[in-house]
Amino acid sequence: MRVLAAMSGGVDSAVAAALAVDAGHDVTGVHLALSPDRQTLRSGARGCCSVEDAHDARRVADELGIPFYVWDLADRFREDVVEDFVAEYAAGRTPNPCLRCNERIKFTAVLDRARALGFDAVVTGHHARLADGRLRRSVDAAKDQSYVLGVLTAEQLAGARFPLGSMTKERVRAIAAERGFAVATKPDSHDVCFIPDGDTRGFLTRRLGTAPGPVVDAATGTTVGSHEGTHGFTVGQRRGLGLAVGDQRPRYVLSIEPVTRTVTVGTAELTGVDVVRTGPPTWTGPAPALPLRAEVQLRAHGTPVGCTVEAAPDGGLVLTLARTERGVAPGQSAVLYAPDPVHGDLVLGQAPVAR
Ligand SMILES: Nc1ncnc2c1ncn2[C@@H]1O[C@H](COP(=O)(O)OP(=O)(O)OP(=O)(O)O)[C@@H](O)[C@H]1O
């Protein structure tokens, strides 16, 4: 089989590529140049896009004796991931850019190009299991990335290979060390690769400017503070509100209204949600019959909760939760799982949280 190994320059994709070579596949490595300002990300920034990362990936490819290319997908990444990220925040929602990148870059742009070039599959270092075409959680629960892959369709998954799903991160690093890869001890990548300093609010303010508005307390309807732009907030957020409320009880963001620029806050008991409404779902396999009992994960690294999944007349889903959840943010994906402790929880699909 001819496979294209997506090599970020990190330890996971180095080992994934090595395992593909061991499995006897005809492997070609590719590093994706995704940042428009790669030079500025040179020192210390461990993202998806620095020049150092490209060098690290090339070095591993050389050690494996496989051909290696760099594909410049910076424009595509900017349009499909970064602009989407900015637009979603501008609309008062909280996007997950890794999920978008998997959907639109790795398993659309890259997979399409790979198929056009005659490759049978794209190999990545994602921590998730993929067997018989079905996507499942990784053996390593702490490193599991099935959430950010839950948006992929059966057709996309048919062209994906995740060799690391059945091993722990510890094992991955041990394999890298045994093989003498310099990246064996390289730190894990950053949360949002195109915001290397981690200052999301600053990044968004540079893009969207300042747009002051009120912070309103839900219980009293009174204005308890002000802000420089609704894009600085996420539903469920507690820190950084800087409010002047009489009592000492912490406030959380309940809703974000970008048109009136109003951020509404409330005390903890007001943050609970028992029913989640979503936009239209995507499925990783055949669309399941609804209603359905499943588990739903409402954010990356969130704890799954039991739910009933029903179809809504508008084409979305209605998720009735078995337990009250706090801080459910519109724009995040509700990823649906069928629990399976033996083979790993099966990812059924996902739908964007609407409200
Ligand atoms: N710039 C890139 N070029 C090529 N492949 C990439 C790039 N960024 C990510 N990938 C692929 O997507 C996978 C998951 O990306 P993620 O950013 O989550 O990295 P990770 O889990 O830290 O893995 P790694 O240790 O390989 O960086 C990587 O293992 C790799 O196969």
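Cβ atoms here come from the backbone N, Cα and C positions, even for glycine.
TrEMBL annotations: computationally assigned, not manually curated.
Per TrEMBL, the features are as follows:
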BINDING   Ala6, Met7, Ser8, Gly9, Gly10, Val11, Asp12, Ser13, Leu32, Gly125  ATP binding site
ACT_SITE  Cys101  active site, nucleophile
SITE      His126  site 'Interaction with tRNA'
ACT_SITE  Cys193  active site, cysteine persulfide intermediate
DOMAIN    202-266  domain 'tRNA-specific 2-thiouridylase MnmA-like central'
SITE      Gln332  site 'Interaction with tRNA'
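What TrEMBL annotates, mapped onto the structure for a quick look.
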{"residue": "Ala6", "record": "ATP binding site", "DSSP class": "strand"}
{"residue": "Asp12", "record": "ATP binding site", "DSSP class": "helix"}
{"residue": "Leu32", "record": "ATP binding site", "DSSP class": "strand"}
{"residue": "Cys101", "record": "active site, nucleophile", "DSSP class": "helix"}
{"residue": "His126", "record": "site 'Interaction with tRNA'", "DSSP class": "coil"}
{"residue": "Cys193", "record": "active site, cysteine persulfide intermediate", "DSSP class": "coil"}
{"residue": "Gln332", "record": "site 'Interaction with tRNA'", "DSSP class": "coil"}
Recorded positions whose CB lies under 6 angstroms from ligand 1, from Gly10, Cys101, Gln332:
Gly10
Pop the Cα-Cα gap between Asp12 (ATP binding site) and Cys193 (active site, cysteine persulfide intermediate) into the table, whole Å please.
16
Work through the recorded positions one by one (Ala6, Ser8, Gly10, Asp12, Cys101) and name whichever has its CA nearest to the CA of Gln332 (site 'Interaction with tRNA').
Cys101
Fewest other Cβ within 10 angstroms of its own Cβ, chosen from the recorded positions Ser8, Gln332:
Ser8
Counting by DSSP secondary structure, give me helix, strand and coil numbers for the domain 'tRNA-specific 2-thiouridylase MnmA-like central' (202-266).
10 helix, 21 strand, 34 coil
Cα-Cα separation of Ala6 (ATP binding site) and His126 (site 'Interaction with tRNA'), in Å?
10
Within 10 Å of the Cβ of His126 (site 'Interaction with tRNA'), how many other Cβ atoms are there?
27
Cβ-Cβ neighbours of Asp12 (ATP binding site) (radius 10 Å):
26
Determine, using Cα-Cα distances only, which of these recorded positions is closest to the residue listed as 'active site, nucleophile': Gly10, Asp12, His126.
His126
Measuring Cα to Cα across Ala6, Met7, Ser8, Gly9, Gly10, Val11, Asp12, Ser13, Leu32, Gly125, which the record gives as the ATP binders, how far apart are the two most distant ones in Å?
16
The domain 'tRNA-specific 2-thiouridylase MnmA-like central' (202-266): mean pLDDT?
92
